[in-house]
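Marked as active site by TrEMBL: B:Asp373. Feature annotation from TrEMBL assigns Zn(2+) binding site to B:Cys217, B:Cys220, B:Cys239, B:Cys242. As annotated by TrEMBL, domain 'Mur ligase central' applies to B:59-296.
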Amino acid sequence: MDLRICHLYPDLLNLYGDRGNLMALAHRAQWRGIDVHVEESRLGVSPAPGAHDLYFMGGGEDRQQVLAAADLRERKREALTDAVARGAVVLAVCGGYQLLGHYYRSAEGEELIGLGLLDVTTEHPGPQSKRLVGNIVVRSPWLGGRTLVGFENHGGRTRLGPNARPLGTVVTGFGNNGEDRTEGAVSRNVYGTYLHGPLLPKNPALTDHLLTLALRSRHGPIALASLDDRLELAAHSAALVRATSRT
Amino acid sequence: MPSTLRLAPAVILGKATAVASRALRLGGGTTMPGRVARAVAPDITRQLAARLPQGCVVVTGTNGKTTTSRLIHHILQLAGLRPVHNRAGANLAAGIVTALVQHTDWRGRARGDIGIFEVDEATLPAVWDPLQPRAVVLTNLFRDQLDRYGEIDIVAGRWRAVLDGRPPGETVVIFNADDPLVSDVGAKFAGTTVPFGIADASCGAGTLEHAADARYCYRCGVAYEYTVVYFGHMGDYRCPQCGTHRPQPLIAAEHVELAGLQGSGFALRTPAGTAQVRTVLPGVYNIHNVLAAAACCLQLGVPLQTVARGVETFAPAFGRAERVRADGREAVLLLTKNPAGFNEVLRTVMRATGPAAGVVLIAINDLTADGRDISWLWDVDFEMLAGHVRSLVVSGIRADDMALRLKHAGVSSTVMTIDGNLSRAWDAALQAARNGEPVYVLPTYTAMLQLRKILQQRGLVKGFWEE
Ligand SMILES: [Zn+2]
């Protein structure tokens, strides 16, 4: 069995240890004997539609985000729209998450049009507003109510439309907008979230959930073998403790 | 009360606070006196700084500012000056006032000739006006402590804004030509500038290590192309679109010979001639620190021979390649704080141990001074440790995160010991070291302070203010 991963903008959107997410996906598949191919898709390149089972996009600094937004619409839209239709997985973190929505309005009021793969919109309330920064814990119905742990750092406030469901409910932290206790968004097999840390190494349940969906989109029903997750679970619970401590 | 009248009580109160906080063991007393003095006389920084007969120098950047400013201090002392220096890493505004207060007598007279202030990269705009520095040294800009400072483009933008408004002739800007972000700020300055850099392609590590190091032209947003990369995003670069490129360094290191943890030797080329120098500071990153300090001191009028002698006789600060002896073994402490710095430290350790695998202790904290976000651990190339370390002890508040990162780097669990308690981790590392084999200790900032305290209690090192 094989898994084909497409890493979007590895040199542009890589702000918060994003390559850790790639490592977790690739290693947890390889540790189960699954062949993994990772293709990097940069500015100016269009991935062939149908060529990948899982697409990953990280977050970037403001100027990089502007470059990525234009390129996403012009060069990546076809492959990603096709991916959603055939049930391939798209995972986007932080800035990448914002670009999968309808639009991102910056602190200066500048509007970046997104791909609209997730029914969400993001607005930055202005340069004087507080960034939403800190350790975060979320409870996710997509993982049978298990917790997700990570770190968030964003100025934009994201609101969900009727066609998106949250990835989870905030236990501690801010989440999408610091108000409605929602975190992230899911629609079909498209996942967006503000959690980095990075997200996947410390949340093996989510990693395996995404791997299962991605493999199933091409190989049919599969069951992943279990792994020795002692270090993963130790890091997960340490992050849980850290998120609720005051120092 | 006019503000000059408030100065004397402010100094007295500040000094009294320093004495009290030491007596009460509130810590090294490195910022508290400054906070008290500033509360009494808000303008105190400006007034005390103006009393330094030779003015002051500011050193800023993400990495290397402590080593660079200590080097400047040491060289200026050799040149016969009495520098005032905010030591012990107290480089926020309150730390600067504390240093000034401590070097002012009860009547308000300065006890030093010149100020050397290391300043957090985000603090530079706030301290510029009160300090009116003669020279500013810009070391580098690495991704660091993102949750505290925001993105490095924003920091570079703030520096740009501070420099833009300055009339030429007041201040000399000394900057790292090998860092495109810093260069882009420095080279635009209307007044006198002194670019420094390495001029030896043999120190190069080849191409950019990984995507996270990519840097973009300020004007075009296009990634720079490199002919040489020294480490991180330091190197000889050019923008393929607008042609912006590394400025020719005025102060340069040529014919570099790296001697692992023993330091390095190189030819220091300056407009005043060339001198052969040796330093015990290890790694390519310390060559930048030496160049920055040399450029600054030459600018202040110190003769080249004194600069060279200063570089050679300089001993590193605690945690910056300091050696500690314990139970017949030697530990080398190497502070780590961001991916580029950590990679350079790892490479230096690997060069020192060679194929004979060594003992390494890594301690990761996530307190405010370390950066609360530890996602940067995933941008460090720990892969180079896999198969090359005999024993790896992992500690600190985020020991479990570190251990998981090492698992993904391919480090075998059989060589790993995880213990969040730093005191026990230290014992485990020393135990794992064979006689004569050094232990490499790689802590984040607060883990380093914590370790210092532990070693102090065991009588192995001195206290901060005893330095
Ligand atoms: Zn350019």
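Keep in mind that glycine also has a Cβ here, set from the backbone N, Cα and C atoms.
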Between the Cα atoms of B:Cys242 (Zn(2+) binding site) and B:Asp373 (active site), find the distance and write it as a whole number of Å. 35
Taking the binding-site residues one at a time (B:Cys220, B:Cys239, B:Cys242), which has its Cβ surrounded by the most other Cβ atoms within 10 Å? B:Cys239
So which of the recorded positions B:Cys217, B:Cys220, B:Cys239, B:Cys242, B:Asp373 sit close to ligand 1, that is, with a CB under 6 Å from an atom of it? B:Cys217, B:Cys220, B:Cys239, B:Cys242
B:Cys217 (Zn(2+) binding site) to B:Asp373 (active site): how many Å between their Cα atoms? 27
Whole-number mean of pLDDT values that fall within the domain 'Mur ligase central' (B:59-296): 86
Cβ within less than 8 Å of chain A, restricted to recorded positions B:Cys217, B:Cys220, B:Cys239, B:Cys242, B:Asp373, yields B:Asp373
What does the structure give for the C-alpha distance between B:Cys220 (Zn(2+) binding site) and B:Asp373 (active site)? Integer Å is fine. 30
Can you tell me how far the Cα of B:Asp373 (active site) sits from the Cα of B:Cys239 (Zn(2+) binding site), in Å? 31
Cβ within 8 Å of the Zn(2+) site centroid (B:Cys217, B:Cys220, B:Cys239, B:Cys242 excluded): which residues? B:Tyr218, B:Arg219, B:Gly221, B:Val222, B:Tyr224, B:Pro240, B:Gln241, B:Gly243, B:Thr244
